[in-house]
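J.: As listed in TrEMBL for this protein:
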- 19-105: domain 'Acylphosphatase-like' (DOMAIN)
- ARG34: active site (ACT_SITE)
- ASN52: active site (ACT_SITE)
Amino acid sequence: MKTYQAAAQDSTTQPSTKTVRVAIRGRVQGVFYRKWTVDNANQLGLKGWVRNKRDGSVEALFSGSHEAVQEMEQRCRRGPADALVTGLDVFPCSDDPGSGFELKPTV
């Protein structure tokens, strides 16, 4: 099975980077959603971050190939086993994703 990073390296042209901010609602706190997000984002070779919000939602920024970001959006719609995602909003973003994928403090 080829990773998204390997697929991007195989192409003759470097794919453009897609960066989005995602708001996830539902039962997404207290179910290891952030840890799950970090693991999945690293698996897909994404840069960015994830954090809890005081309103009970989770917010994330994903940056990478179009395919990897779209795959992460789909994974976030399901979430980890104990999560119950009731809403997911995706917004184009131009924020700097940083050099890796990190867990940020609650805001």
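Placement of Cβ uses the backbone N, Cα and C atoms for every residue, glycine included.
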J.: For the domain 'Acylphosphatase-like' (19-105), would you mind checking the mean pLDDT of the predicted model?
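T.: Mean model confidence (pLDDT) across the domain 'Acylphosphatase-like' (19-105) is 97.
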J.: Measuring CB to CB from ARG34 (active site), give everything in the same chain under 8 Å that is also at least six residues away in sequence.
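T.: Counting only residues 6 or more apart in sequence, the Cβ neighbours of ARG34 (active site) under 8 Å are VAL50, ARG51, ASN52, VAL58, LEU103.
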